Amino acid sequence: MNKAAEVSTERHNRSPTIDTTLRTMKLRLLRCLRQQPAKPAAVMAQKEDQFPVALDHHVLKDLSKGARDTTVKILLLGTAESGKTTIIKQMRILHINGFTDDERREKIPEIYQNIHESILQLVGQMGALGIDFGSCTSERSADYILSLPGSAPEYMNEEYCDHVTTLWNDVGIRACYDRSNEFPLLDSAKYFLDNFVRISDAEYIPSTEDILHSRKITTGISQITFRVPIPKSMGGGEQQFQMYDVGGQRDQRNKWIQVFEGIQAVLFLISCSEFDQNLREDPGQNRLQEALKLFRAVWQNRFLASAGLIVFLNKYDIMERKIRAGKHIVDYFPEYEDFCKRPQQDNCFGESDWTKMFIKQKLVDITQEPFKRHSRNQVDMGTSERECYYHFTVATDTRCIRDVFCDVQKMILSENVSSMGLF
């Protein structure tokens with residue numbers, strides 16, 4: 001494994017802060033200002049646009065130099081299955097040379113398990129939804145699958161592969177899949193079952209896309225460290241990042257506080273596609289409602305008051321497919337109807353655009369709510385102008401995440417500069 005990547009489940013010591021670096025730069029700036037000789041007004045007018053540019057260059061250069069010795073800690077938060085672990089994988093692909101062949105082979109059991117759980121879920125829900133199989137052959141294949149344990153076979157033998165292929169091609173199973181919002185099913189079920197012939201090959205080695213679509217429940221805390229070039233416009237050099245991934249299930253959230261200390265930015269992931277689904281751990285709770293409730297708790301958390309907050313409105317591609325298939329958010333959020341009566345929003349040309357803007361507005365409204373109590377931190381949460389940044393993402397799309405993380409990196413560096421109080 002590349003030495004730049006350190007994945008662990010242990011709590012780490014607090015990373016160095018930039019306070020000393022910023023204090024030094026402020027003192028240097030004051031000395032520069034005191035040493036500036038008096039100039040005629042005409043000369044000052046000619047130079048008024050040049051001096052700040054030069055000053056910015058030197059300050060940013062110093063900031064870049066200090067950044068090389070400073071680690072930016074980013075915490076990924078959100079409900080289960082929102083895409084947090086996929087972001088960790090993307091950082092590895094983008095900044096740590098991806099996965100070796102041995103590491104790819106290690107993902108095979110995980111992918112096999114995803115396929116096995118998916119076909120088991122689909123077969124098991126047929127009766128509950130009142131859907132019939134399309135043929136007697138499919139019924140026999142269903143009996144075979146239901147006779148197996150919950151764990152996937154170690155090897156994809158011919159008999160198993162024939163039964164899975166028969167079932168996925170069955171009209172009844174496809175009708176069941178179309179109603180998968182009514183029961184727990186992996187988002188990647190269709191992807192893996194569509195690619196089952198390739199995956200079941202004896203010489204199969206997972207592709208990068210396969211790894212991005214695979215899912216394993218996150219428990220505990222994992223961390224990845226990587227370095228990213230700093231744009232020349234912001235001083236150049238490199239910035240080290242530590243990104244923390246934590247489990248999003250309700251029974252895992254009590255562990256989150258272990259990594260709150262020293263966090264400079266929170267990436268909160270919310271799945272746009274889950275407006276019509278309920279939690280695995282609480283079948284009576286809408287997933288999107290749960291995500292909004294969790295976002296409110298994170299936004300108002302006093303331990304994260306000084307951290308920048310970026311929201312990834314993830315899986316909008318799945319949301320768009322659902323809307324094209326005839327599912328509508330208004331059936332689960334009646335207030336959507338009134339939202340659409342507002343004056344025409346920019347870039348809202350159809351139901352998918354309106355749905356995206358509706359979910360984003362839900363988050364914006366939360367950030368404008370009064371805080372239930374003031375933070376004990378130095379930041380006055382009741383009066384400070386705290387900002388939240390929003391990005392629509394597809395976590396499995398490497399190009400999308402590369403572009404978005406570039407924006408996130410610039411935002412974090414800009415926040416560091418602005419914290420000097422100079423700009």
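Cβ atoms are placed via backbone N, Cα and C, with glycine included.
TrEMBL labels come from automatic prediction, so no person has curated them.
Copied over from TrEMBL:
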BINDING   81-86, 187-188, 212-218, 245-249, 314-317, Ala395  GTP binding site
BINDING   Thr85, Thr218  Mg(2+) binding site
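Leu212 (GTP binding site) sits 14 Å from Thr218 (Mg(2+) binding site), taking the Cα positions as reference.
Neighbour density at the Cβ, taken as the number of other Cβ atoms within 10 Å, is lowest among the binding-site residues Thr218, Asn314 for Thr218. Around Thr85 (GTP binding site), the same-chain residues at least 6 positions away in sequence with a Cβ under 8 Å from its Cβ are Arg215, Lys216, Thr218, Asp245.
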